[in-house]
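Undergrad: So Swiss-Prot has the following annotated:
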type	residues	note
TRANSMEM	10-30	transmembrane segment
TRANSMEM	82-102	transmembrane segment
TRANSMEM	116-136	transmembrane segment
TRANSMEM	158-178	transmembrane segment
TRANSMEM	188-208	transmembrane segment
TRANSMEM	233-253	transmembrane segment
TRANSMEM	297-317	transmembrane segment
TRANSMEM	338-358	transmembrane segment
Amino acid sequence: MFQTSRSQLLYLSALGVWGLWGYAYFNGMFTRLDTITRTLHFPDNRPLRDSYTGLGPLDKQLTLLSVFYDVLTNSLSSGPRLLFFDINYAVACTNLWTLIESRRRGVRSWFLKYPAWAMVLCNANGAAIVLPIYLYCVCRSKARLRDPVVPLHEAVALPIITVVMLLQPLLIFAPAWFGYSGSETHHALIALFQVAPVIVLGLYVGITSLLSYHFPATSLSSKEYKKWISASLILAGSVASAVHIYTLTGALFTRDSDVSLTRLFVPTGGFTDPIKTLVSNENLLAEYAALLENLHLFSQWDWIVVCLTSVVYAQLLLSRREGLKVNKPAVPYEAQEMIYLTIATVVLGPGGAGSFALAIREARI
């Protein structure tokens, strides 16, 4: 019988490295990104903004990320943009998961207590690489065994910060909806999106400081804090599920071949430079279309690994085997949970399925 283990999260991170950056080494993605950041122009001759903070090394990194996010969020494509929209809401949910686990009173490590660094790296390097490693550390921690309680004032702040987290993806997608696709404003919002996790965590700390006067530690109730955590998870899961169902509906009922199920979710190519196999497209220059294919392949592998990671992580926490040196044998109901999680992930997406599963798990602690 298949059994989840926390080591599988490390294997998934390795798969993420290969899917995101391994193929990119062979299929021309790195060369195209380097050319654009060097010339400061996209293949379709649109200018690329290169000044954000006045700090050279930081601006260089933000410029590179602007290329990546611009191509996947502008109005020149439909399918790749729709998948990327879905991914960002799944990642918003995983950010909430990490924040909740960081608030447990049993957490001693600053590495886990302030997860903004992991959220930033998910945006900058790919969630498929960073997220499995961070969740492995969460599962390896004995914080929940020591003291799983979240202080009430911190739990009460979670629904507020959940709303803020769910609004974050709009920073990068809204410009295309309002006619500012690919503009300097769009690039500035992309840069803001990269540091948004730090701002959000700072906002959360500020809100909890204010709430601490109204919810002192002495008023802590086990049942009281859980309902706020569950409400946050259900809110995030509902929004992410709606986004994923919207994506699936669009793929199933559209006549646009760029938004079909296989186009969205099934990786094609890999080692081959897409410019060699592209079908002529009068709407996109060949070099730009090749870059879009490079980045879409990146997104597809990001999606696959995030889905698998959410299933493994949720199953580990539901089965109460996280933090243990030796995993206990799986029992029949755990196999059933795995099947339910997998089906839910397909239908609701990793953000929705994982969030609802963790809301159930919260009641079991």
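Note: Cβ is positioned from N, Cα and C throughout, glycine not excepted.
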Undergrad: So what's near the transmembrane segment (188-208) in sequence-distant terms, Cβ-Cβ under 8 Å and 6+ beyond its ends?
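TA: Sequence-remote neighbours of the transmembrane segment (188-208) are 49, 52, 62, 65-66, 69-70, 73, 95, 99, 114-116, 119-120, 123-124, 151, 153-154, 157, 160-161, 164-165, 168-169, 171-172, 174-175.
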Undergrad: Kindly say whether the transmembrane segment (116-136) and the transmembrane segment (158-178) touch, using the definition of 3 or more Cβ pairs under 8 Å where each pair is 6 or more positions apart.
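TA: Answer no: the transmembrane segment (116-136) and the transmembrane segment (158-178) share fewer than 3 Cβ pairs below 8 Å.
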Undergrad: Looking at the stretches 82-102, 233-253, 338-358, which one shares the most CB pairs under 8 Å with the transmembrane segment (158-178)?
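TA: Answer, by Cβ pair count: 82-102.
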Undergrad: Please check if the transmembrane segment (82-102) comes into contact with the transmembrane segment (10-30), where contact means 3 or more CB pairs closer than 8 Å and the residues in each pair are separated by 6 or more positions.
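TA: In this chain the transmembrane segment (82-102) does not contact the transmembrane segment (10-30) - fewer than 3 Cβ pairs sit under 8 Å.
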Undergrad: Need a quick answer: max count of Cβ pairs under 8 Å to the transmembrane segment (338-358), which of 10-30, 233-253, 297-317 is it?
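TA: Looking at each of 10-30, 233-253, 297-317 in turn, the most contacts to the transmembrane segment (338-358) are made by 233-253.
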Undergrad: Near the transmembrane segment (233-253), which residues from the same chain, at least 6 beyond its ends, have a CB less than 8 A from one of its CBs?
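TA: Same-chain contacts beyond the flanks: 82-83, 85-86, 89-90, 92-93, 96-97, 100, 159, 162-163, 165-166, 259-261, 263-264, 347-356, 358-359, 362.
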